[in-house]
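Record features (TrEMBL):
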- 26-45: transmembrane segment (TRANSMEM)
- 42-277: domain 'Rhodopsin' (DOMAIN)
- 57-77: transmembrane segment (TRANSMEM)
- 104-124: transmembrane segment (TRANSMEM)
- 136-157: transmembrane segment (TRANSMEM)
- 177-202: transmembrane segment (TRANSMEM)
- 214-232: transmembrane segment (TRANSMEM)
- 252-273: transmembrane segment (TRANSMEM)
- 316-343: region 'Disordered' (REGION)
- 321-332: compositional bias 'Polar residues' (COMPBIAS)
- 378-399: region 'Disordered' (REGION)
- 378-395: compositional bias 'Basic and acidic residues' (COMPBIAS)
Amino acid sequence: MAAFTPDQLAYLEAHRNDSRIPEIHWVYSVPIAAGFISTASRLWAKKAGRNGITLDDYLIVFATICLIGECASGLGYGPPHGMGKHVIAVSKGDLTTFRKGDYVFSHFYDIALASVKLGILAFYHRVFAVPLFRKLVLLTAVFVLCWGIGITVTLAVVCRPISAYWDLEVQGKCLDIVTFTYFTNISNLVTDVWIFLMPVPVIWHLQLQTKKKLLLSLIFCIGLATCVVSSIRLTVVLGHGSPDYTWTFVPLGAYSVFEPLGGILCTNLPIIWHMWRKRRAPLLPGFSVAKTQHSSTVTPGSNSRSSRLRRGLQSLGLSTHGETGTDSQSRTILGGEEEEGERRWVAQSRPGQFWTRVEARNAGPLMEEICEGSRSRIAAEREGSLEGEQREWRRSSWAKRNQAGMKKNVWEVRKK
């Protein structure tokens, strides 16, 4: 145990019976419930949607499992073994067990953070089809993966023997844990800011309304709230030099579980909100059937990159239909390969199919209804014209038969 000054010892003796255990219970219980409910709701929403379960969902599920493991280790190794009490009131055996719990807790924390980051990057890669942006996402994912493996392996071998990490009586050699902690937290904060700001330039290059650009940027930057938690946790880590660590570890442990929880909620809530609004929309009095039919219309190339982008943005409650009269938005966000696919489709399509798709792309739901009405009117006129031709043909056939009969009668008269 580190040495205390006489004033510190006097303070600890006067507050020996103080306890933070009630705070610890709710601090570790709330993230378990919130993480489990939000991730389960996300899976329900994705299974009910058109995209199904994708890689980013699996990564978020894994991050949620790590978060629950982190909270469970905090509850199991914390309050029963001195966490939330002053260190002078904790036995030596409990201090050793508490440090073991801190070792397990730290592993869950690091893996949960890396999984959340990879889940967000997998979502970016699935939604945005810009080749350069995708390469940037892959490079960032490689860095995050190496970062997660590096800090996890370093923590696993931080002491030799490893028991020296939690047992102060074991003679061993350990790395500078303070420096390692500073590196982990600072690099974590930098990568958080980078990941959550990555899609903003791409969004502002889209030909969307400024209101929707702001809304999309806000949705993707909600994760910056997690960066705020990371910053607060970093200040706590920098000031975490007190030898009364069983007491001062409580706020640090709280920020350590709410940081990955914030990332999980930021990725889950937009998907849950979109599905809830979609299920609630048919019950609203102003719900438009034509809009539903428009969104469910299957067009050639529906499995293309533009369709994936549209479904990704719709999963956030936004639509890309009817924003502009040109296809430059698609060219901006999809790249050359998508344009080539569009050219091939145009070359192989019939004129009617081509103009139908142009109308669907350049017009909103109202214009599409007008076009549909025009097409129905043209079809009716064609049907009426066909009926007229059939009547004319029947009339001409009757006239030919009568003319043949008249010729026969005239011949018989002349013969007589």
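Each residue, glycine too, has its Cβ placed from N, Cα and C.
Residues 110, 113, 117, 120-121, 124, 128, 130, 133, 136-137, 140, 143-144, 147, 151, 154-155, 158, 217, 220-221, 223-224, 226-227, 230-231, 233-234, 237-238, 333 of the same chain lie 6 or more positions beyond the ends of the transmembrane segment (177-202) yet place their CB under 8 Å from a CB of it. When the stretches 57-77, 214-232, 252-273 are ranked by Cβ pairs under 8 Å to the transmembrane segment (104-124), first place goes to 57-77. Contact check: the transmembrane segment (214-232) against the transmembrane segment (136-157) gives fewer than three Cβ pairs closer than 8 Å, residues 6 or more apart, which falls short of the contact criterion.
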